[in-house]
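Engineer: So Swiss-Prot lists the following for this protein:
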type	residues	note
BINDING	Asn51, Gly52, Gly53, Glu64, Asn93, Asp94, Ser119, Thr120, Ser121, Ser124, Gln174	substrate binding site
BINDING	His60, Glu64, Gln174, His182	Zn(2+) binding site
DOMAIN	36-197	domain 'SIS'
Amino acid sequence: MDMQSRIRQLFQASIDTKQQAMDVLAPHIEQASQVMVNALLNEGKMLSCGNGGSAGDAQHFSSELLNRFERERPSLPAIALTTDSSTITSIANDYSYNEIFSKQIRALGQPGDVLLAISTSGNSANIIQAIQAAHDREMIVVALTGRDGGGMASLLLPEDVEIRVPANVTARIQEVHLLAIHCLCDLIDSQLFGSEE
């Protein structure tokens, strides 16, 4: 197969996955946006975490809220737990890599805050511990997962929201996660500041 054919094949696979996910995920993305808006209206904040590409997604979400998405508006409180290398490495060294997010959540999380927990497999041990810590702090969890939801899915409480991409290929799951994050940012902005024509 020549390279351009492979590129077209990858584009088509991404398009197909997004089309399959659209109707399945729309109600969950809507619900997650409402949970986040409710938290923000009640002086809560967003914490986010993930590993690898999902860490990048956590940072992307946080930056869109703190800075701006597609319009001028006030900054919104959001912290990506993936950015402080000194904190992450000290926790990993002194305790365990599995605690790099949970220890931060126990310090920073407050009742009514929201944790955006991202894992394509749903089985990342440090994300599972982050969810447990968020529940201990009376936070609501929005979980971005894929495949069968993994161990994360079984931890979620009725007030939590899972956005599970119906796919098994990591790259396709990540692509839908990014689109879901952009949808969340758009919906948060429109609910807080009104729709832009």
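Each Cβ is built from the backbone N, Cα and C atoms, and glycine gets one as well.
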Engineer: Please report how many Å separate the Cα atom of His182 (Zn(2+) binding site) from that of Ser121 (substrate binding site), as a whole number.
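Structural biologist: For His182 (Zn(2+) binding site) versus Ser121 (substrate binding site), the Cα atoms are 21 Å apart.
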Engineer: Distance between Glu64 (Zn(2+) binding site) and Gly53 (substrate binding site) at the Cα atoms, whole Å?
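Structural biologist: Taking the Cα atoms only, Glu64 (Zn(2+) binding site) lies 17 Å from Gly53 (substrate binding site).
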Engineer: Sorry to bug you, but what's the C-alpha spacing from Ser119 (substrate binding site) to His60 (Zn(2+) binding site), rounded to the closest Å?
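Structural biologist: One finds 15 Å between the Cα atoms of these residues.
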Engineer: Starting from the Cβ of Ser119 (substrate binding site), draw a 10 Å sphere and report how many other Cβ atoms land inside it.
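Structural biologist: Within a 10 Å radius of the Cβ of Ser119 (substrate binding site) lie 29 other Cβ atoms.
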Engineer: Counting other Cβ atoms within 10 Å, pick out the least crowded of the binding-site residues Asn51, Asn93, Ser121, Gln174.
Structural biologist: Asn93
Engineer: Looking only at DSSP and grouping its letters into three states, which state does Glu64 (Zn(2+) binding site) belong to?
Structural biologist: helix
Engineer: Check each residue in the chain of Gly53 (substrate binding site) that is at least six apart in sequence and keep those whose C-beta is under 8 Å from its C-beta; list them in sequence order.
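Structural biologist: When sequence neighbours closer than 6 are ignored, Gly53 (substrate binding site) has Thr120, Thr170, Gln174 within Cβ distance under 8 Å.
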Engineer: Highest CB neighbour count within 10 A among the binding-site residues His60, Glu64, His182?
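Structural biologist: Counting every other Cβ within 10 Å of each candidate, the maximum falls on Glu64.
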Engineer: So what's the average pLDDT for the domain 'SIS' (36-197)?
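Structural biologist: Across the residues of the domain 'SIS' (36-197) the model's pLDDT averages 98 on the 0 to 100 scale.
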